[in-house]
Amino acid sequence: MDQLPEVQPEQTDGLSDTTSDIWNYVVFVSFVIISALIPIRKRLCRRSTNSKSKQDYVFGAGHISTLAMMLSIARGTLGVISVLGYPSEFFYRGSAMWESLYGVITAYPIVCFVFIPVYFDLGITSVYQYLELRFNSRLVRCLASGTYILRTLLSLGVTIYTPTVALNTIIGVPYWVSLLSITVISIFFNALGGLKAAVAADVIQSLSMTAMLVGIIIYCSITVGGVDKILTISSENDRFAFFNFAADLHLRVTTTSAWLGELFNSLSLLGCQQNFVQRYLSMPTIGQIRRTLMLNIPVVILLFSLPWFVGMAIYAIYWHCDPLKASVIAKMDEILPYFMVDRFDRVPGVWGIFVGTLFNGALTLNISNINSLATVTWEDFLSLVPALRQKSEKHQLNVIKLVGTIYAVLIMGVGFIVGLLSGVIESSMLIISATSGPLLGVFVLAMFIPFANWKGAAIGMVTSHLSILWIVVGRLIESSVSDSLLDTSIEGCYADLMEAQNNASLLIVSLEDGVNAVETSNLLNRIYSITFMYYGVFGTVLTVLSGIVISLATWSSHDAYNMKMLHPAVRWLYSRCPFSGKHFGSFEVGGASSYGGTGKETVPKC
């Protein structure tokens, strides 16, 4: 392969062009302010403070377009983490994680035809109300809500940490200043916005981020000599690792673990998580929900693949001069911000737009999820308090906004400790995988296991949580778990950069056969070193199996429920089974429900 011209990274410690830097700061601040104010402009112009209802805050009052909802769901599926995380993942670990896209695509039709039919006609505000309707148990509902709250808090900590990497690398802004800024703006936006404003912000973010990534790809293609050159460089340096169906559970990522693990994670996110279901239920018909989700598949493919191709493009620029190995950057996630400064430092406004896009992306996702967190907390916990439940709707809305403010501060705290983990992608995947199983498992029990009761559901969730927590803690403290990176080169760097390598070689370990090897000495080590991609699968299976066993052992007539809570297909099959109406004959079909209702899917009184 022809040798590319030497990469000559510019030193960015000082301000080489004051005018250019001023423009960048102006563009950054302007972008964040404009993109934040546009979605809430109508709210700011209203004179009446009573015009916004709780229903409008939570569901957007049903006035959100299909296209806007598509972009919002796609943005929520991928998150701003992908913009920094996927390029660095490709640069230092190859394309194996790219195949998790298979799982995302597979999850969409399952959510359309399995989860949505159960939720749509229930008239619920929190998706976890469904679990109370099904199991007649506030405990199960609270366990599921608590799982969602925990996962979202941890995931958002990673999300708001992501732009701080770019701000610190490019501008030198301390991490705590960035985190505090995102938190303050999130609190303000959440107080005035609601779901409709969050969706509008997601649209702005999706379009701006897509334009930025396409611009990077075009620049790199021109620089290295075409798209085919980008592909050739990645291929010749072993960056492509597709269709690896190895059965070893200890390999970090294979085709099997990427597809299966992401399928379970995506089902838990798209089908069982409040912020997504909240968007589905804001649409007027089930047909529109299905159209939105199915049409969203190509959008997700595009938004998912762009950051990976950016990683390929940047690798084509730095394949013979790795900034991390040369000690120019301190973390692998800094590779894209470094590229922006190295290549566009003297172009007015470019890195300002880049940092503004990342900052605004974290901001909009934070606001959107704070809205959902506050809604779940009110519906599943605070509404139990009689003094609060009897208050006016305006007072309830104020309480929800106050809860959102508290969550914003907690998320900031999580963001301060995220840097201890190995990269934003691994941190995000570890959090999502570890919490997906119990949540998805309890919904599987509710929809598909006719004899599942609240005891089985609760014990199944607790058992799964404790087991996965044990494995995660063991993984984090077990030194034998490898975190190897693919080999990189600094042969094309300046001599002074090569001398600055120092001990950086300790950070890079060559990867044999394109996968991560794991040294294990005993059974516990082998358990701890199981790839995090399977945590969601194991957690779901453990929840379902434990729930089935406990339910069979403890079923009684007090566990009766309205059969309409089951999935329609399961209800149809069960009615034709030989044991229907015999062993579990206390089910009520179409009659009064066991919680004292009239057979209609309404939320039980607390």
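Glycine residues also receive a Cβ, built from the backbone N, Cα and C atoms like all the rest.
Annotated in TrEMBL:
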TRANSMEM  22-40  transmembrane segment
TRANSMEM  61-86  transmembrane segment
TRANSMEM  106-128  transmembrane segment
TRANSMEM  140-161  transmembrane segment
TRANSMEM  173-195  transmembrane segment
TRANSMEM  207-231  transmembrane segment
TRANSMEM  251-272  transmembrane segment
TRANSMEM  293-318  transmembrane segment
TRANSMEM  399-421  transmembrane segment
TRANSMEM  427-449  transmembrane segment
TRANSMEM  456-477  transmembrane segment
TRANSMEM  532-555  transmembrane segment
Using a Cβ-Cβ cut-off of under 8 Å, list the residues of the same chain that are 6+ residues beyond the ends of the transmembrane segment (293-318) and lie near it.
-> 4, 7, 66, 70-71, 73-75, 77-78, 82-83, 85-91, 95, 98, 101, 104-105, 108-109, 111-112, 116, 206, 210, 213-214, 216-217, 219-221, 223-224, 229-231, 233-234, 237, 239, 280, 335-336, 339, 343
Can you tell me which of 140-161, 207-231, 251-272, 427-449, 456-477 gets the most C-beta pairs within less than 8 Å of the transmembrane segment (173-195)?
-> 140-161
In the same chain, which residue numbers or ranges, 6 or more beyond the ends of the transmembrane segment (532-555), come under 8 angstroms Cβ to Cβ?
-> 100, 249, 252-253, 257-258, 260-262, 264-265, 268, 426, 429-430, 432-438, 440-442, 444-445, 449, 451-453, 455-457, 459-461, 463-465, 467-468, 471-472, 475, 584
Among 106-128, 207-231, 251-272, 399-421, 456-477, point out the range having the most Cβ pairs under 8 angstroms from the transmembrane segment (140-161).
-> 399-421
Verify whether three or more Cβ pairs under 8 angstroms connect the transmembrane segment (251-272) with the transmembrane segment (106-128), leaving out any pair fewer than 6 apart in sequence.
-> yes
Determine which residues of the chain contact the transmembrane segment (399-421) at the Cβ level, with the cut-off under 8 Å and only residues 6 or more beyond its ends counted.
-> 54, 57, 153-154, 156-158, 160-161, 164, 175-176, 179-180, 182-183, 186-187, 190-191, 331, 366, 370-371, 373-375, 377-378, 382, 388, 391, 427, 430
